[in-house]
Amino acid sequence: LTCVTGKSIGGISTEECAAGQKICFKKWTKMGPKLYDVSRGCTATCPKADEYGCVKCCKTDRN
């Protein structure tokens with residue numbers, strides 16, 4: 001599985017997931033008005049969202 005770890009004007013960066021990590025995730029945490037901290041990567045289980053953010057998980061490449 002290949003997950004996106006970052007996006008920028010120059011394109012996307014990806015990582016190959018380790019054995020046992022079969023889910024890609026994207027997690028947004030609200031830092032202020034229209035300002036979010038975004039993290040992406042591979043995981044074994046979908047992380048939980050906190051009260052200021054949300055999480056999207058998938059099992060497909062490059063999402």
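The chain as shown is numbered from 1 upward.
In case you wondered, yes, glycine gets a Cβ from its N, Cα and C as well.
Sequence annotations record features per position, and here Swiss-Prot assigns disulfide bond to Cys3-Cys24 (among others) based on similarity to another entry.
In the three-state DSSP reading, Cys42 (disulfide bond) counts as strand. Counting only residues at least six positions away in the same chain, the Cβ atoms of Leu1, Cys3, Glu15, Cys17, Ala18, Gln21, Ile23, Cys24, Phe25 sit under 8 Å from the Cβ of Cys42 (disulfide bond). Feature annotation from Swiss-Prot assigns disulfide bond to Cys17-Cys42 (among others); the stated evidence is similarity to another entry.
Within the same chain, the residues at least 6 positions away from Cys57 (disulfide bond) whose Cβ sits under 8 Å from its Cβ are Ile23, Cys24, Phe25, Thr43, Cys46, Pro47, listed in sequence order. Secondary structure at Cys57 (disulfide bond), as computed by DSSP, is strand. Residues or ranges marked as disulfide bond in Swiss-Prot: Cys46-Cys57 (among others).
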Neighbour tally for Cys24 (disulfide bond), based on other Cβ positions within 10 Å of its Cβ: 26
Other CB atoms within 10 A, centred on Cys3 (disulfide bond): 22
Residue, out of the disulfide-bonded residues Cys17, Cys46, whose Cβ gathers the largest set of other Cβ atoms within 10 Å: Cys17
